[in-house]
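**Student:** Quick one: the structure is below, questions incoming.
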Amino acid sequence: MSRPDGISGDRYNVKETEARWQQAWEAKRCFEAEIAPGKPKYYVLEMFPYPSGRIHMGHVRNYTLGDVVARYKRAKGFNVLHPMGWDAFGLPAENAAIQNNVHPAKWTRENIAAMREQLKSMGLSYDWRREVATCEPEYYRHEQKMFLDFLKAGLVYRKESWVNWDPVENTVLANEQVIDGRGWRSGALVEKRLLSQWFLKITAYAQDLLDSLATLERWPERVRLMQENWIGRSEGARLMFDLDGRSDRLEIFTTRPDTLFGAKFVAIAANHPLAAELAAGNPALAEFVAECNRMGTSEAAIETAEKKGFDTGLRAVHPFDSTWTLPIYVANFVLMDYGSGAIFGCPAHDQRDLDFANKYGLGWTQVVEPASDGQAVLAAIAKGEAYTGDGVAVNSQFLDGLAVDEAKAEAIRRIEEMGRGERTINYRLRDWGVSRQRYWGCPIPVIHCEACGTVPVPAEQLPVVLPEDVSFDKPGNPLDHHPTWKHVDCPCCGKPARRETDTFDTFFESSWYFARYTSPDRTDVAFDRVAADYWMSVDQYIGGIEHAVLHLLYSRFFTRALKDCGYLNVKEPFAGLLTQGMICHETYKSEDGAWLFPTEVVPGADGKLVHAETGAPVTGGRSEKMSKSKKNVVDPAGIIDGYGADTARLFMLSDSPPERDLDWTEAGIDGAWRYVNRLWRMVATAELPPAGAPMPELSPEAAKIRRLLHKTIAQVGEDLERFHFNKAVARIREMTNGLGELPAGDSGAAWVLREGLEATARLIGPMMPHLAEEMWLALGGSGLLAEAAWPEADPALLVEDSVTVAVQVNGKLRATIELPKDVDAALAEQTALAQPQVISAMSGKPARKVVVVPNRIVNVVV
């Protein structure tokens with residue numbers, strides 16, 4: 001027996017080792033994927049990053065998870081596509097240009113180069129040949145062509161619309177980008193503005209997007225529910241209210257036509273055409289409308305604002321009773337882009353309507369009575385709460401006595417019979433406004449001609465490339481200020497015309513990048529059809545849940561549109577989805593309330609936290625998501641430089657399931673580092689038989705550890721299939737603890753130790769790939785471990801040879817014992833009666849009867 005030859009020295013040189021194996025993988029081109037029709041494919045993808053210049057711990061976790069999956073699937077025999085790229089357009093580059101006097105393109109490309117090296121230092125198994133950057137004309141020329149094809153297909157249109165305007169970023173935000181009335185990036189209070197915008201017709205796919213959620217069985221239920229709620233299908237009626245003293249009508253959508261007899265008012269949006277008409281002759285109303293327009297257009301902004309209304313003096317005629325009129329208010333809580341921009345209010349059965357009615361003294365009428373408690377509505381309203389539950393219609397003429405669903409159906413039938421409306425379906429989902437008033441984005445390929453109108457840029461003139469000679473010394477869009485770029489001849493009539501100066505929302509680029517990876521070298525087409533048909537859909541997508549109704553929904557729509565325009569043959573982009581949790585760290589504040597970096601805090605002599613330089617007391621706060629604003633961040637580069645990529649990867653996998661938040665702790669990273677070194681020492685110091693030596697007779701202890709080894713192989717494979725990475729790590733640790741307990745000087749134990757260390761190297765390969773390669777080399781493994789197959793467990797060793805048997809005294813559990821499977825009943829009885837707990841429970845009395853149920857129970861009757 002001898003020690004392995006592949007390891008020298010008395011400590012693990014992590015920097016040299018990791019760099020060496022990264023070079024070896026690159027030289028061997030281990031991770032370059034090609035179409036292989038006879039091999040099962042597996043496409044694993046993590047959401048690509050914005051190139052800010054430095055990776056953060058969230059990146060480390062996200063990309064580690066994806067890399068474990070990619071390496072494991074390769075070992076299982078799959079043809080794995082695992083690419084990486086850059087979501088490279090966006091406002092931060094423009095902000096950097098303003099602050100640092102550097103061009104966005106230069107800033108972005110330098111950041112990409114820096115982050116590429118950081119990602120490579122993690123040992124990630126990417127096919128770097130397929131790298132894309134969305135800011136390059138070679139990429140966005142294809143999305144300009146897609147836009148023109150969508151335009152031909154009727155999926156694009158332009159209209160004036162009220163938009164969410166971010167006054168800090170000077171651009172339009174989609175509703176999904178407005179959070180609690182503020183811009184999702186700047187945090188500025190969002191305003192309403194009327195602008196001419198380009199829209200993608202996502203609503204054309206609303207029902208299919210909703211129905212197909214049921215097919216996404218490998219998506220988290222939470223994400224599917226979020227998309228279902230965002231699409232927001234509601235069945236109801238479109239009602240036509242006559243306007244008292246006028247010949248026109250007001251259209252109202254409602255999901256509760258059964259409550260019409262409880263109506264007390266009508267409310268219209270501040271940007272409703274009727275509101276604009278009435279405000280033209282009413283200065284007070286005009287001021288109220290202007291106040292409403294200073295709010296954001298999203299539901300979040302409206303829900304958080306105080307509910308206000310303005311009585312226009314106009315009245316609407318009740319559709320079931322021409323003698324009954326309702327006051328019409330302009331209200332700040334009515335959305336113009338939901339339904340028809342007008343509602344009727346039934347205060348007794350809608351909380352918002354009740355609050356509004358109470359504020360303006362409009363009263364209420366109960367029209368639904370709970371079957372179980374006739375006083376429930378009165379009791380609720382007395383507490384300021386509307387009753388929104390089921391029941392039967394009351395005070396509703398021909399609807400009285402009908403259950404709510406029956407009353408809805410009957411109300412709609414009468415409305416249709418009278419010609420005052422119809423049954424309809426409405427969606428909360430709005431068409432996607434993709435126009436952005438900024439420079440660093442993909443130019444929209446359209447020309448505006450006074451003679452010809454809106455003209456698509458001819459395909460042969462694509463791409464429309466951003467000008468490089470721009471300045472950022474004025475607010476707003478530099479393309480608007482450019483002296484020459486926007487001036488162009490009309491491709492139809494040849495007269496002077498103007499380019500569209502808006503650029504695409506950056507979610508446009510991320511809505512199709514995953515398909516571009518299948519053939520990024522094709523310059524003539526966005527996707528090679530053979531490659532796209534082979535690789536798509538993405539088998540496993542990994543990213544944050546914050547993208548549930550932004551990127552993920554847009555990508556589902558975009559893929560459908562591409563399919564309908566002949567680009568792809570799939571309509572769902574991501575077959576499986578894993579949403580990882582956040583990385584959290586304790587927060588720290590100085591005496592004056594300023595946030596402190598973790599590196600600025602140390603334990604004092606008394607164990608309490610103090611400032612590292614001044615010694616001043618520091619207050620430790622709760623663990624929160626790592627963020628620059630609270631300074632509770634840890635630089636991955638420092639961790640990788642000090643501990644190595646494998647240690648960082650192991651920590652990311654060890655302590656929490658991937659979908660949960662992970663608390664970063666120094667103790668945790670130190671523990672991971674100790675385990676890395678422990679594995680290295682186990683191999684470096686092991687006295688092992690030659691590779692391939694026949695198995696000698698094993699002692700019971702060695703046989704027990706070998707059985708644990710093979711169970712671990714089987715269980716770790718199952719854990720990785722289910723993304724239970726923390727469980728896999730725990731099982732490997734338990735198994736290597738067992739290997740460490742094998743007795744020295746025992747040939748059978750040494751043989752099991754070699755088998756165990758070889759299997760350990762292969763099991764940790766997806767998680768700690770550099771250490772795994774080093775162990776594999778030292779143990780005499782053939783070739784690169786990155787190309788080796790996953791270990792297989794011996795089925796015979798997975799069969800339990802012992803069972804846990806419960807021992808009862810007079811039917812009460814007193815002990816459990818380990819017995820050989822199918823043991824003789826006499827031995828089972830003898831072992832049970834010898835247990836101290838059983839002897840105590842028998843209190844010196846003889847056993848009158850002992851019942852043995854094989855492999856399950858021994859029951860002693862006294």
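Using the three backbone atoms N, Cα and C, a Cβ is placed for every residue, glycine included.
The annotation ATP binding site is assigned in Swiss-Prot to Lys628 on the grounds of sequence analysis. The feature motif ''HIGH' region' is assigned by Swiss-Prot to 49-59. Taken from Swiss-Prot, the feature motif ''KMSKS' region' covers 625-629.
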**Student:** Can you work out the mean pLDDT of the predicted model over the motif ''HIGH' region' (49-59)?
**Tutor:** 91
**Student:** Could you give the residue numbers and ranges of same-chain residues that sit at least 6 residues beyond the motif ''KMSKS' region' (625-629) on either side and whose C-beta is under 8 angstroms from one of its C-beta atoms?
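**Tutor:** Residues 56-58, 582-585, 595, 661, 664.
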**Student:** On the DSSP side of things, how many residues of the motif ''KMSKS' region' (625-629) fall into helix, strand and coil, could you say?
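**Tutor:** So the motif ''KMSKS' region' (625-629) is made up of 0 helix, 1 strand, 4 coil.
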**Student:** Sequence-remote contacts (6 or more beyond its ends) of the motif ''HIGH' region' (49-59), Cβ cut-off under 8 Å?
**Tutor:** 86-88, 90, 92, 108, 110-112, 114-115, 118-119, 133, 544, 582-583, 626, 633-637, 664
**Student:** Using DSSP, what is the helix/strand/coil residue split across the motif ''HIGH' region' (49-59)?
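**Tutor:** The counts are 3 helix, 0 strand, 8 coil.
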**Student:** CB neighbours of the residue listed as 'ATP binding site' within 10 A?
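**Tutor:** The residue listed as 'ATP binding site': 9 neighbouring Cβ atoms within 10 Å.
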